[in-house]
Every structure is written in C-alpha cells, then in structure tokens.
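Novice: Before I ask anything, let me first share the structure, which is written out below as structure tokens.
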Amino acid sequence: MDPIEHVERKLADLEAHSLTRRRRIADTRCTPLQVVDGRAMLAFCSNDYLGLAAHPRVVEALRAGAQLYGAGSGASHLISGHSRAHAILEERLADLAAPHLPEARALYFSTGYMANLAVLTALGADNDAVIFSEALNHASLIDGARLARAAVTVYPHGDVAALEAQLAASTAATKIVATDAVFSMDGKLAPLPQLLALCERHGAWLFVDDAHGFGVLGAQGRGALEHFGLRSPNIVYVGTLGKAAGVGGAFIAAHASVIELLVQRARPYIYTTAAPPALAHALLTSLDIITGEEGAGLRSHLELLVAQLDAELRLARWQRVVSSTPIQPIVIGPNDEALRIAAALYARGLWVPAIRPPTVPNGTARLRVTLSAAHTHDEVAQLATALNELEAM
Ligand SMILES: *Cc1c(COP(=O)(O)O)cnc(C)c1O
C-alpha cells in the first residue's frame, strides 16, 4: 500500500470512532476568560489550579529571569547548560521535600513526562526489576516502564490487597510501585499511606507522580506527601511545575543517592538540552506564592469552588466521580455523546474538554471539568446551570 494512503486509513478509522482530536487556538493567556479561535469563552480545561500561569508576579519573574540568564541554556545539564538558576531552584525544591524525604535532593526536568521516564529507566533498568503499575496510571508512567524494559505487573485501580499479593509473590531484587497520587482523569487520590506501608514491608520503592497534587494539596501546597503526612527513604517523588506552579517543567525529589544515580544514568536527563534558566528563575516566585499566605488563600478559595460545584450540580443520568480535588469529571459514556455535550457547552460559551479513550477506559468518555482558584463563584454557577440544563434535555 502507498504509505500516505496507509496513514490516511488510520486517520479515517479514528474519525469513524469519534476519536479524532482537534486543537483550538487560545489567543489569550491561560485564564478562565479566554479568546479561543477568535471567540470569548469561559474555560474549565486547564491544570493551572492556582491561576499562576498568568499571575503578574510570576510573569514579571520570567521577564527578570530572561534579563539575568538570557533566552536559552545552550546545552544539556552535564555539558554546560546547568545554570545558577537551575541550581537555586533545585535547592529550594529539596528544602520543600525535606520533611518527607530523608536526605532529600531534587532534580529539575524540562517536563514531567521526561521525569517519569527518567525515574523508571534509571531504577527499573536492572535485569531483575519489576514495576508494579497502578491500572489508571498516566501515559508517561506506562511509557517509562516500556522504555526501562523491566517486567511490568499492573495492579487493579486502588486495590491494595491485590498489590500486596503481587509483592509477596515477587522475588525481584528491585521492586518499584508506581502510581499517580491524584488520578488525572478522575481526581481521586491513591491510598498512599497503605501503599507506603506495603512498600516498606516488601523493600520496594514507592514512586509517586504528584502532577496534580503539587501546589494543590497540603497546608503549604507541598503536595500529596504533605497531605498524608508521609516520610520515608523508600519514596521517589515527582512534582510537575507546569500545572499548579503555572510555568513548566518538573522535579524529582528523592534520597540524595537516588538523585545522583539519575544524574549519572537517566538518559531522559542526560541527552536533552536544559530548560531555559528563566523558567527556573520564574518558578522561584511560583514557589514563594504556593508556600506562602497567598497560596493558602488560593487553595481555600479553590476548595470553596469545588464544594459549590458539588452542591449546585443536580445530575441524574451522568455519573460524577466523587473527588475532593479541582478535577471534577462527569462521565457520559459513549465517545460521540461526550463530544456532543462538550459541543453544546461550547455553543454556550463554556469550554470543557471531552476526554476519550485511550486516555480513559472504553465506554467512560467524560467531560473533564477542572476548577482553578482564578475562577469566581459566579463562573462556577454558570457551569453548573448549563450542565444541569443540558442533562435534562
Ligand atoms: C501532566 C502529567 C504528567 C506530565 O507532566 P508534563 O510536565 O506536562 O510533561 C505526568 N503525570 C501526570 C499524572 C500528569 O497529569
């Protein structure tokens, strides 16, 4: 077959299953009120949970970072791209992680996707490593396990007993339990205290991907480990910095020896150009906000918005996922139906993404509503009213 024709058949197949994805062009900053493809919209899509992506102080810090350090880093971290800005950020992140990880060190990455690949390839590369992977894990953890070429055992979602049986039956020298802390498509928390207890009993690593918890959970926004009050040398933690922190990149925090192994061996760290130092510089301001009084205020406003949406939605047919986080999904089921509802919301000026397989299991296509501290009570009320009306139609 002609190669282009082959590709076009694949695309036609996606279209036939209502699986084609389309990008919309945002003309404005990442804020609730946006101009999208030239049209004013109220957005409930982003992971900018604290509204820091367009925060004036963060934007100003990015500008100042560019003045200080220029536009790009010029090389990978191990050649010449590791700037003072990266080093200061890593010290700051290690301080934040210190209550939860003995002898903590932190390593800054360009993206969370790469940080997850790095952890799993560096720790899971041994011939006798087994990665125990939660069924609803993010694609980056699944890809990291593939790249590590380690044996992978998937445990059912939230099933601590099943994981315990798998760990007990394993004779592997290196065991890694990998889980999202907040499941990205349903907003629920993993049972981290129980998972940690299991890992400590079985000599396993607990690898926590806190992409949606860092900045949002815990009194100081330190994330899921702070929320649950966990501390252990068995934990390897990834927090991302492009969601609640509003800028970009990610970090791994772990015992200093683990971080040193990553610097020496993790190919997704070594073979890529260091992120622009200005981003690291801007992140210092994000971290000030997250851990300070302003962050606490943003988180309490966000909690009120989550409670408001919960109180105002009156859905009979569509299923809500019970979630205390700003990720508030509404499961519609069929792909075409989820697309139809998202289009109806869009026609009303409300931008809510429809999430379809393979991002979520087949038959559970959903509206993924995300709230941000930048939303107002009035905006959340508009969304609840529209959803209630559309469901009743
Ligand atoms: C977004 C996300 C990532 C990837 O982080 P990026 O910095 O966007 O590459 C990893 N894990 C989870 C659970 C995520 O939601």
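For all residues, glycine too, the Cβ spot is worked out from N, Cα and C.
Keep in mind the model is a prediction, meaning the values are calculated, not measured.
Under the heading substrate binding site, TrEMBL lists Arg21, His138, Thr359. Residues or ranges marked as domain 'Aminotransferase class I/classII large' by TrEMBL: 41-387. Look at TrEMBL and you will find Gly112, Tyr113, Ser184, His212, Thr240 tagged as pyridoxal 5'-phosphate binding site. If you look up TrEMBL, you'll see Lys243 marked as N6-(pyridoxal phosphate)lysine.
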Novice: Look up Thr240 (pyridoxal 5'-phosphate binding site) in the DSSP assignment and reduce it to helix, strand or coil.
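Specialist: Thr240 (pyridoxal 5'-phosphate binding site) sits in a strand per DSSP.
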Novice: Among the recorded positions Arg21, His138, His212, Lys243, which residue has its Cβ surrounded by the fewest other Cβ atoms within 10 Å?
Specialist: Arg21
Novice: Please compare the binding-site residues Ser184, Thr359 by how many other CB atoms fall within 10 Å of each one's CB, and tell me which has the fewest.
Specialist: Thr359
Novice: How many Å lie between the Cα of Ser184 (pyridoxal 5'-phosphate binding site) and the Cα of Arg21 (substrate binding site)?
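Specialist: With distance taken Cα to Cα, Arg21 (substrate binding site) is 18 Å from Ser184 (pyridoxal 5'-phosphate binding site).
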Novice: Across the domain 'Aminotransferase class I/classII large' (41-387), what does the pLDDT come to on average, as a whole number?
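Specialist: Here the predicted model's pLDDT, averaged over the domain 'Aminotransferase class I/classII large' (41-387), is 97.
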Novice: Pull out the recorded positions from the set His138, Lys243, Thr359 whose C-alpha sits within 10 Å of the C-alpha of His212 (pyridoxal 5'-phosphate binding site).
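Specialist: Checking each Cα against His212 (pyridoxal 5'-phosphate binding site), the hits are Lys243.
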Novice: What recorded positions among Arg21, His138, Lys243, Thr359 are found with a C-alpha within 10 angstroms of that of Tyr113 (pyridoxal 5'-phosphate binding site)?
Specialist: His138
